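For reference, TrEMBL has these:
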TRANSMEM  6-31  transmembrane segment
DOMAIN    21-279  domain 'G-protein coupled receptors family 1 profile'
TRANSMEM  38-62  transmembrane segment
TRANSMEM  82-101  transmembrane segment
TRANSMEM  121-145  transmembrane segment
TRANSMEM  165-186  transmembrane segment
TRANSMEM  223-243  transmembrane segment
TRANSMEM  263-282  transmembrane segment
């Protein structure tokens with residue numbers, strides 16, 4: 001019981017942080033899209049929305065973990081909660097893939113990028129992404145082999161879903177996604193290296209002729225850096241949970257449910273807190289918008305303090321300050 005309560009406290013803190021941080025990034029992205037109208041920013045916004053929904057979904061599990069009574073959530077409601085958590089996590093992972101594909105197209109086809117990735121295509125990709133995510137999340141509710149035959153509270157992932165579902169997700173989704181990420185990363189790195197060599201040749205030719213030296217292609221490497229950090233955090237967060245789930249399926253005598261549910265699942269969910277922190281630090285648009293938002297909050301807070309101080313000071317303080325100004329200014333006028 002003590003372990004369940006401690007897990008509930010950790011889950012509650014993680015839930016609040018995920019919702020708060022991702023909600024802040026959602027506001028920043030909406031303001032950035034309103035100002036810049038960038039298609040790539042829509043994918044970042046979708047990632048923040050998916051991670052926010054993960055926080056909202058796991059908030060329902062906190063009640064069961066912190067409850068001292070024996071009345072836990074019913075199996076049907078628990079299955080719906082975990083399906084919603086899985087759908088939101090799938091949407092987050094698929095959005096990371098979509099961001100990697102977007103950066104890949106921007107580097108691979110820089111001249112045709114805006115023709116390929118326009119607003120209509122981006123909207124269709126996001127809509128299809130959420131459709132696939134909910135199909136993945138609610139798949140166990142329609143396939144009996146992915147469901148547990150018995151249910152014992154409190155509500156958790158393996159209390160309602162069988163490890164076969166994790167095996168299917170790993171083989172059909174996780175490992176192909178990692179391979180696709182590696183392909184994108186290697187090809188983007190190769191293209192960026194070729195661009196860098198071409199620009200060095202142009203710089204050398206320009207230096208020989210005394211011409212203008214073009215800037216280095218830092219944007220390509222910045223895009224590769226952001227994508228690689230996202231891929232790394234995604235892989236390190238979810239691979240222990242999925243690999244251990246596969247071991248649980250293969251080893252019938254092993255009992256790894258406590259490790260899976262109390263530690264590794266929590267590590268995977270924690271990826272939803274890492275994503276906004278990565279973008280807040282590495283992506284310039286997000287960083288600038290958060291800075292402007294902080295300035296706006298500071299100005300508003302300062303205005304409120306000035307208003308309250310003027311209201312509490314009354315007219316006498318204003319009168320004293322005006323006399324003080326007149327006293328200082330008289331010698332200047334006489335001089």
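Backbone N, Cα and C define each Cβ position, glycine as well.
Contact between the transmembrane segment (6-31) and the transmembrane segment (263-282) holds: at least three of their C-beta pairs are under 8 Å, each pair 6 or more apart in sequence.
Within the model, the domain 'G-protein coupled receptors family 1 profile' (21-279) shows a mean pLDDT value of 82, rounded to a whole number.
Between the transmembrane segment (165-186) and the transmembrane segment (82-101), three or more CB pairs separated by 6 or more residues in sequence fall under 8 Å, so the two stretches touch. Here the transmembrane segment (223-243) does not lie next to the transmembrane segment (38-62) in space: the count of CB pairs under 8 Å, restricted to residues six or more apart, is fewer than 3.
Long-range contacts of the transmembrane segment (38-62) within the same chain, counting only residues at least 6 positions beyond its ends with a Cβ under 8 Å from a Cβ of the stretch, are 8, 11-12, 14-19, 22-23, 25-26, 29-30, 32, 73, 81, 84-85, 88-89, 91-92, 95-96, 98-99, 102-103, 106, 114, 117-119, 122-123, 126, 129, 133, 154-156, 269, 272-273, 275-276, 279, 283, 285-286.
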